[in-house]
C-alpha cells in the first residue's frame, strides 16, 4: 500500500487509528487507519455499501467507533466542528422545510464563526436564482446545492462531501466540481466520497479505495487507475488453441479459455491485443471493454491478497 | 442559537393552521363554552363564575396546544429527514435545537394566553385585580414548560408516521381528563381520582388558586413539578439516546 508523502511534523487534519464499527454482524468499517494532511483533496472511492458513509459519520463524530480512535485537527470531531473548522454535506443530511433557501443559508452563515456573506455563498453554490423558493419545493439536485451552500457557509479548514453530485445533471456536476476546485485551491482540505472513478480521477490528488469496510488502496488517482483500470478483452479463435502462448501474453491479470472463446483481463489492453496478433492467430468477435468499478475492486482485492500471501 | 430561534419563530408565525389552533381556537372554545351560562352563575365549590373558571381552563389549554402540538411533530419529522443531523455539523451546541424549539413555542403561547384574557375581560366581563392578571399570565406561561418538555420527549420517542396520532391522544386525553374542557366535578368518581394526578389538572388548579386569591395547594405544585422532572428527564434521556444512534 502506498501512502502519499506528507510532512510528518504537521498535525493531521484527519486521523483514524485502527477504527472499527459494526452493525450487528456486519463490519461496516473494519480496522481503518489513515491520516489526511492539510491542503489535500482526497476522494473516498468505493461501491455502495463499502463503508464510505459510515467512515464519514465516524469522522464527524455522528457515530462512535467500537474500537480505535478518530481525531480531527488533533482533537475530537465535536471540538473541531464547534470551532467551525469543518463544513460537511451528508447524503443523510436533511434541510429545514417551510423556510426559503435564503433564510436557510443565512442561518447556516450565522451559525459559523467565520461566515461568508449569504449572497456570496448562494451565488457560489448556484442557488441565487432560487433564493426565495421554499426548501420543501426543491428538486433533488437543487437540494444538493443548498446542502453544499450550508457546508461552505463559512471559512472552514476541512470540507466533507458525501456523494455530492447525486441527483445533479451533467452540467450541474461540472459547475459543482469547478466550485469545489476553487475551495481546494484556497488551501482547504477536501474529502469527498464517490462511487465514480472518473470523479476521483478528475478532482482528487489522493484516492482512498474502500471496499467492505477496509482500506484497499491509498495513492494518487493514476496509481489507483493503473490498479483498477484493467480492461476486459474477449475474442474467439478457430481450430486448436495454444493455451500456453496465450497465458504468456503481456499485461495479463487473468485469462479464461472456454471452448473457442478467450476472455482476458489486462492492465494494458492495447499491448495485449497487439501481442495476440503477434501470435499469428486471427481473433474474431474481438471486444475490449472497461471493467465496472465493482469488478475493478475485485481485481484490486485479488491483487492485494496475492501480494500479501 | 438566536438565529435558529428567530427562524423557528418566523416559521411558526407563518403557519396559519398552527396559529389558528394555538391562538384563536382556545379563545373560540372559551366563548362557546361560556355562552351557555349566565354571567352570575358560579361553578360549584369554587366561588368563581363559569366564565372566570373556564378562562383559566382554556388559557391552559391554549398554552398546552402551542407548546405540545407543533414541536413533537416537527422534532420527529426533522429527526427522520436528517435536519437534526445536519445541525449537528454546525457550531450549534447539541441542545440548541431543542431550546430553539421550546423558545419559539413559548413565544406563540404567550399571545394565545393574552388574546384569551382580553376576550374574557372584554366580552365575558371577567373581573380580576391587576396582580391576578399578571400572576395568571406568568404562571400559565411558565407552567407550559412542563408540556413543552413533554412535546420534546414525544418528538424523540415517536417516528414521523406515528407522532401525530400519539400527540393527539395525549393532547386530548390530558385536556379532557385533566378538566380543561369541563370541570372534573362533573366526572364519575373513578375519572375524578385519575384527574387529580394529571399534570393538566394541577396546571389549571394553580391558575384557579390565583383567581380565588388563595395559595396554590402544595399537592398541585408537587404534581406539576414531578411531571416536569419526569418529562424533562425523559426528553433529555431520549435526546441523548438519539444522539448516540444518529
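A Cβ is built for glycine as well, from the same backbone N, Cα and C atoms used for every other residue.
Under the heading domain 'ABC-2 type transporter transmembrane', TrEMBL lists B:44-232.
Beyond the ends of the transmembrane segment (B:50-69), by six or more residues, the same chain brings 18, 21-23, 25-27, 29-30, 33-34, 37, 39, 41-43, 102, 105-106, 108-109, 112-113, 116-117, 120, 124-126, 128, 136, 140-141, 143-145, 147-148, 150-151, 154, 167, 170-171, 174-175, 179-181, 183, 200, 203-204, 207-208, 211 to within a C-beta distance below 8 angstroms of the stretch. Residues annotated as transmembrane segment in TrEMBL: B:50-69 (among others).
Listed as Cβ neighbours of the transmembrane segment (B:98-123) (distance under 8 Å, sequence separation of 6 or more from its ends, same chain) are residues 1, 4-5, 8-9, 11-13, 18-19, 22-24, 26-27, 30-31, 51-52, 55, 58-59, 62-63, 65-67, 70-71, 74-75, 133, 136-137, 140-141, 144-145, 148-149, 151-152, 235, 239. The feature transmembrane segment is assigned by TrEMBL to B:98-123 (among others).
Feature annotation from TrEMBL assigns transmembrane segment to B:135-158 (among others). Beyond the transmembrane segment (B:135-158), the same-chain residues lying 6 or more positions past its ends with a Cβ under 8 Å from any Cβ of the stretch are 56, 59-60, 63-64, 66-76, 79, 98, 101-102, 105-106, 109-110, 113-114, 117, 128, 166-167, 170, 174, 199, 203, 206-207, 210-211, 224, 227-228, 231-232, 234-235, 238-239, 241-242.
Annotated transmembrane segment per TrEMBL: B:165-182 (among others), in sequence order.
Here the transmembrane segment (B:221-239) has Cβ contacts under 8 Å with residues 94-95, 98, 143, 145-147, 149-150, 152-153, 156-157, 197, 199, 201-203, 206 of the same chain, all six or more residues outside its ends. Taken from TrEMBL, the feature transmembrane segment covers B:221-239 (among others).
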